[in-house]
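Asker: Have a look at this one before I ask anything.
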Amino acid sequence: MRTLWIMAVLLVGVEGHLLQFRKMIKKMTGKEPIVSYAFYGCYCGKGGRGKPKDATDRCCFVHDCCYEKVTGCDPKWDYYTYSSENGDIVCGGDNPCTKEVCECDKAAAICFRDNLKTYKKRYMTFPDIFCTDPTEKC
């Protein structure tokens, strides 16, 4: 299921905030997000279940939880504004909902950056059929 969602995004030509999130991740980590994070662990990419495999996967778990709290807009598709000032991401705009989405994405990108040293290539294309531990609650 995660694979189909990612492929659909790639084929459609990413619109709205998914492209913005990709740019944030690239800026913070230097990694290509689709290759490095789209299929990482049990939570990066579409959906998630089980227990996060490591700190990077936990970044995705927390990001999913952050999205669950957003109301009034579609976190995956609605466009938001942000800028980069002195290496920091600054979320802007007048819409509180899309600003909240931006803050979720910003926190995840920073989390990825802060956990680069523990990033494990073995989780880069981790099959979700191995995510069998009980699912944690947000």
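Glycine is no exception: its Cβ is also placed from the backbone N, Cα and C atoms.
Just lifted these from Swiss-Prot, have a look:
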- 1-16: signal peptide (SIGNAL)
- Cys42-Cys131: disulfide bond (DISULFID)
- Tyr43, Gly45, Gly47, Asp64: Ca(2+) binding site (BINDING)
- Cys44-Cys60: disulfide bond (DISULFID)
- Cys59-Cys111: disulfide bond (DISULFID)
- His63: active site (ACT_SITE)
- Cys65-Cys138: disulfide bond (DISULFID)
- Cys66-Cys104: disulfide bond (DISULFID)
- Cys73-Cys97: disulfide bond (DISULFID)
- Cys91-Cys102: disulfide bond (DISULFID)
- Asp105: active site (ACT_SITE)
Asker: Taking the Cα atoms as reference points, how far is Cys66 (disulfide bond) from Gly45 (Ca(2+) binding site) in Å?
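Answerer: On Cα coordinates alone, these residues lie 14 Å apart.
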Asker: Quick check for the class: what is the C-alpha distance, in angstrom and rounded, between Cys111 (disulfide bond) and Gly47 (Ca(2+) binding site)?
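Answerer: Cys111 (disulfide bond) and Gly47 (Ca(2+) binding site) have their Cα atoms 19 Å apart.
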Asker: For a quick check of understanding: among the recorded positions Asp64, Asp105, which residue's Cβ has the most other Cβ atoms within 10 Å?
Answerer: Asp105
Asker: Which recorded positions (Tyr43, Cys65, Cys91, Cys97, Cys138) fall within 10 Å of Cys131 (disulfide bond) by Cα distance?
Answerer: Tyr43
Asker: Restricting to the same chain and to sequence separations of six or more, state which residues have a Cβ under 8 Å from that of Cys73 (disulfide bond).
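Answerer: Expected: Asn95, Cys97, Thr98, Val101.
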Asker: When you put Asp105 (active site) at the centre and draw a 10 Å sphere around its Cα, which of the recorded positions Tyr43, Cys44, Gly45, His63, Cys65 have their Cα inside it?
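Answerer: Candidates kept after distance check: His63.
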Asker: Check the Cα distances from Cys65 (disulfide bond) to each of the recorded positions Cys44, Gly45, Cys104 and keep only the ones within 10 Å.
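Answerer: Matched recorded positions: Cys104, sequence order.
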Asker: What is the interatomic distance between the Cα atoms of Cys44 (disulfide bond) and Cys59 (disulfide bond), given in whole Å?
Answerer: 8
Asker: In the structure shown, which of the disulfide-bonded residues Cys65, Cys91, Cys104, Cys138 has the fewest Cβ neighbours within 10 Å?
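Answerer: Per-residue Cβ counts within 10 Å for the disulfide-bonded residues Cys65, Cys91, Cys104, Cys138 bottom out at Cys138.
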